[in-house]
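Sequence annotations record features per position, and here TrEMBL assigns transmembrane segment to C:17-37, C:49-70, C:76-96, C:103-123, C:129-148, C:181-199, C:230-250, C:262-289, C:321-342.
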Amino acid sequence: MSAATPILEVEHLSASIAGQQVVEDVSFTVPRSGVTALLGRNGVGKTSTLRGILGLIQRRGIVKFAGERIDTMQTYRIVQKGIGYVPEEREVFSKLSVAENLELAERQKNPHREFVARLFPDLVQRRDQQAGTLSGGQQQMVSVARALLNDNQLLLVDEPTKGLAPKIVNEVADALAAASKTVPILLVEQNLEVVRRLADRVVVIVGGRVAHVGDAAATLDDADLVRRLLGVHVGDSAHGGIAPARNAGEGAEGGQHA
Amino acid sequence: MSSVVLVLITGLGVGALYFLVASGLSLIYGLMNVLNFAHGAFIALGALIGWEVAEHTDAASWWSFLLSLVVGAVVGAAFAAFTELVLIRPLYQRHIEQVLVTVGLSFAAIALFDGIWGQDLHSVKGPAWLDEVTVVAGAHIANIFWVLIVAAVLVLGGLSLFLRKTRYGKIIRAGVENRAMVTALGIDVRRAFTLVFSIGGAAAGLGGVLAMHYMTGVTPEIGSSLLIFAFIVIIIGGTESLVGTAVASVIVAVLQQFANTYLWGTGDFIAIVLLPIVLLLRPSGLFGKRA
Amino acid sequence: MIAMKLSFDVLRKSGPFIIGAVLVIVMALLPMLNIVIPGVLPGPTYQPGSLALLSLCMVYAAMALSYNLLLGTSGLLSFGHALYFGAGAYGLGILLSRTGLPFWVSTGVGLVGGLALALLSGAVALRTVGIAFAMVTLAFAQTGSLFVSRSSSLTGGEDGITVNTMNVPAAFVGILNTKNLYWLALVVLVLVYLVALWVDKSRLGHVAAATRENELRLRVLGLRPFTTKLIVFAIAGLMAAAAGMVYLLLQSGVGPKAVNYDLTVTILVMVVLGGVGYRWGAIVGGFVYTLLDQRLTALAQSDAVDSLPAFLRVPLSQPHFLLGIVFILIVMFSGGGIAGTVDSRIRRRDWRRAAEAALPRAGGDESVARPRLRP
């Protein structure tokens, strides 16, 4: 495989939840190395883009993974191709133990248990604890660990630092930095400090479409651009301080009907 | 005193029957959001085939009794697996259509059973010990109740072990909580669907054969009457845990037996009235959890 | 060109009305005609046997229409609709045998009773939604069913009750008067249809339909979906009670099957067969189901079926097996049923004509939103 072809190509992707369009005609690519950050204001459809790529919600358009079309595949097949997913709300199985949560995520003969144990020694200690009784940060570690157990070719990581204490934010960012040495990551993140630290490239969505693609540092250094695209002043606050301009869409996800 | 003991133990026995039927329903609803109206047909087929086994072997012997239980469970599982693969799977995620299909299947299957076996009661005479009584604290308990209780405890234990210790068991537990995330871990959750249907069908078939011995006979309607009580059980017990289902089964059945004995035979009424009451007290409870 | 289009439009609009009126007139004249439809009716149309069968069809068609108000208009999946049918039938039967009330007063009391029962139970059941609603309605119907089979002194238990003919107008008594009962059934069916039409066209029906699509949005708009649904539910219950009363007179009695869960499922099968959301579909479903049920039963007893090997004979001799399979196939492969299929044919044809008449207007989503089976 040539390094030139991107690991993920998204062309004209639209996605909907319960008949409501949440992503409209989004196109971008993710290269075979480094971290690509997907940015945009609240409710712009970043989470839905990730879920659409994975087929967790209704989608149309072309999605290629390592050159292969995956846009009509079922979610579990897409994941089996080599994608790890860290969802926005962590989504650990609260009634299962930490060990069981990790076990279910193992897809290969020799999962990277030692690597994960080194990254998150906390989880080793708590392996028999019910995941629902963990703190938010620990749950996020379980969620990230699930994605790092396998030899993936791409990680989709959604808001990994949301709602976490600064110390834990660093810990999670460290883990992602370590992972990004071996696997490309598509990252959705509101905390621009974390983006600055991890990301090589940024893709910015405005009004459901890609408005800007560029080098991460150069983009974040351009205060005018950031304000125009994201509606924030760089360095506003530790958590990016993004204006809650729109808050439709993303909260109501689930894609299931009663 | 002895009449209270009688009511308690018979209640426990009937509760065991409810549990056998409700455990499968609860797993299916928990994992797939399908309220399976065809469960009554699984029960009926298990019972009717169990009756055939008894007819063609020495029904009074224990090995015939055990054989009918095994055959009933296998037939129930096969029928349920067929239902899932052929009728439920093509309607993936369309829950109301899935419910309607199970309603239609129950309608068609029971008519077919009527055609094959007729609507008359087919009586059965199992091992003589089942008809005898054991005296506990002055209460005369028919031995079939002990068999029901033992069977339910074995099924509860076996299912719990399966859910705790096996990979598929863990997938099912995880799927009951969050099915989408299970698929996002690269797991084909639909295999668990077929499995859960088969397990539910096996428990229903087993329950059918036991219900036949309890009622000393069988008609194709045998499942329909049990089904409504199983619905009540899962509404009260929720779909979160099998132990919850077991406790709810016993509560409903004991309450029913008490009312039948002490409240002028109103047990069925009271059990059925529990259903709207519980649903109204927790409107977003069981059935609203993913609304 | 414009004139042509206009006349076409007029035909489109008034066509169903004309067809409906003609059908009602033909139905009304049938008892005076000698029409033989082999394979469908047991004899010529003027004979009591045929008239009784057609009357039963109309009773079930009315029942299906009322159920369609729940499932089709409001998206409510009820498993307890038989309760109101049984309440009408048993209510009238008991009033006639236990009280000295005149016939029409009894029917009035029975209808009010059915309405009250529907209001009361609906007010409770409609606190829930989806499958929970289905369960609560099932529980109510089951309670009614238990009541009927347990209170034998009042309801006759498993044997049911027979009509006390003393209090029934002579015109509705006896086989020779079947044609009067037939006309009664026709009148009730037409009335039920008109009420269903009025509900669907009124503000009430629009709100109910909107509730079906998106309840939350209505609440935000300050509308009260609960009241709307309750009124529709009560009207449907009233219609079912009326159908039950005609059933009682037609059968000269009523048994516990009239409050049974199986009856609700039967009605559900009729509505899905005819096409959920279509009034005329519910009527067609009621007729087709009832006729098939009767004819298949007759077929099952015929020599042709009797001589078949068991694996063919047994399924063929069970009408409910065959109808259940048809129901499953419709749910799985064509949600629209009979009316839905015909309707989409006509729509496609009209669409093509419209497209030919006005070429540049291509594309566009002209399909009218029909309720899916999902509430």
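Placement of Cβ uses the backbone N, Cα and C atoms for every residue, glycine included.
When Cβ distances are compared across the two stretches, the transmembrane segment (C:129-148) makes contact with the transmembrane segment (C:76-96), since 3 or more pairs at least 6 residues apart fall below 8 angstroms. Residues of the same chain lying 6 or more positions beyond the ends of the transmembrane segment (C:17-37) and with a Cβ under 8 Å from any Cβ of it are 43-46, 51, 54, 179, 182-183, 186, 190, 280.
Remote same-chain partners of the transmembrane segment (C:76-96), defined as residues 6 or more beyond its termini with a Cβ less than 8 Å from a stretch Cβ, comprise 63, 66-67, 70, 103, 106-107, 109-111, 113-114, 117-118, 121, 125, 130-131, 133-142, 144-145, 148, 154-155, 161-164, 167-168, 229, 233, 236-238, 240-245, 247-248, 253-254, 258-265, 267, 375. Within its own chain, the transmembrane segment (C:181-199) is flanked in space by residues 24, 27-28, 30-31, 51-52, 54-55, 58-59, 61-62, 65-66, 68-69, 73, 172, 205, 208, 232, 235, 239, 242-243, 246, 249-250, 279, 283, which lie at least six positions past its ends and keep a Cβ under 8 Å from the stretch.
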